[in-house]
Amino acid sequence: MPDLKRAIGLMSGTSMDGIDIALLATDGENWIERRASASMDYSDGFRARLKAGLVDARAIKDRAERPGLLRQLEHDLTLLHAVAVHDFLHEQGLQPHEIDVIGFHGQTVLHRSNESLTVQIGDGALLARETGIPVVYDMRAEDMRHGGQGAPLIPAYHAALAANLPLGLKGPVVFVNIGGISNLTYVGEDGALIAYDSGPGNMLIDQWMELHGHGRFDPGGATAMSGSVDRNTAHRYLEHEFFKGNHRRSLDRGDFAIPAKGELNLADGARTLAFVSAAAILKSASHLPARPRTYVVSGGGRKNGALMDELTALAERQGAHVIDADNAGFDGDAMEAEAWAYLAVRSLCGLPLTYPSTTGCDKPVSGGVPVRP
């Protein structure tokens with residue numbers, strides 16, 4: 001039996017809807033025992049503060065800067081994560097001393113890969129003090145210091161999952177995470193690992209629904225299911241410079257914008273943006289060394305029926321199968337949080353978090369800042 005560490009992963013993604021929490025035991029390599037998971041939603045008021053913080057973050061020139069609301073926001077965000085950990089431990093009947101490490105992502109407020117600048121607010125030292133558990137945080141920065149894009153970081157975890165795929169899943173396999181921004185991880189039959197952001201995920205759909213006063217997202221894709229794809233609008237998105245050439249890069253929330261209000265009706269806009277999210281995955285996958293046979297989909301976007309219908313139809317045209325991560329034996333909601341727990345253990349062990357084929361860094365790079373209570 002390898003030396004396993006109990007780790008909690010905390011993820012607050014680009015959708016800014018709350019905190020995902022996951023517990024696993026791992027050696028930081030191929031031994032993974034997935035345990036419990038949970039989530040905690042942000043209040044509408046706190047979500048509004050996060051969005052205001054994105055505006056303040058535009059002024060950042062150095063990643064240590066916290067202009068405007070960001071200093072207080074970072075403090076309050078960290079305390080919310082501490083509450084989430086305490087509640088989770090209570091629900092699971094665990095004590096802080098039974099957890100070896102927390103992997104703390106924080107909230108990305110700025111990501112400019114072309115400037116080697118990424119900023120995630122979240123005070124790891126404060127979280128360690130509040131929870132009484134060692135914390136590893138700020139896991140993207142070291143990758144950027146070595147010429148990487150700082151994203152995506154989840155591929156190391158995907159590679160470990162791919163080593164234990166359920167029977168019947170044919171490779172090459174692509175793990176797709178559809179959060180605010182989508183990313184994919186290709187695991188070749190020869191073990192090749194390639195990853196990059198693939199395009200907008202839920203982000204544009206969520207913004208479109210909010211623009212029309214219809215909530216924060218499209219539940220189940222119901223609005224999109226009643227609409228039709230506007231091909232001209234979809235074509236415009238898919239001709240974006242992000243998709244051109246062979247050089248892949250990571251994305252920021254500001255790289256794509258929603259159509260103007262009135263350009264499309266609510267349902268057609270939602271359907272068009274769902275199609276764009278799906279088509280972006282296949283378009284980005286065209287840069288891979290071999291055509292995928294299976295797409296394993298995690299993240300909130302897999303719950304949008306229209307997006308999944310479009311993705312399934314597009315993939316089937318290429319002879320590929322699309323499967324919800326839950327139906328493949330994984331946890332589609334907790335996969336990113338699980339990854340952050342796994343990466344925290346890898347960081348403590350000095351193992352790489354990123355590779356030249358996943359972020360463009362100049363060599364396999366570990367990372368993260370460890371702090372103790």
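Every residue number used here counts from 1 along the chain in the order it is shown.
Here the Cβ of each residue, glycine as well, is placed from N, Cα and C on the backbone.
As recorded in Swiss-Prot:
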BINDING   Gly13, Thr14, Ser15, Met16, Asp17, Gly18, Ile19, Asp20  ATP binding site
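Annotated features taken from Swiss-Prot, shown on the structure.
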residue : record           : Cβ within 10 Å
Gly13   : ATP binding site : 23
Thr14   : ATP binding site : 19
Ser15   : ATP binding site : 20
Met16   : ATP binding site : 23
Asp17   : ATP binding site : 20
Gly18   : ATP binding site : 18
Ile19   : ATP binding site : 23
Asp20   : ATP binding site : 27
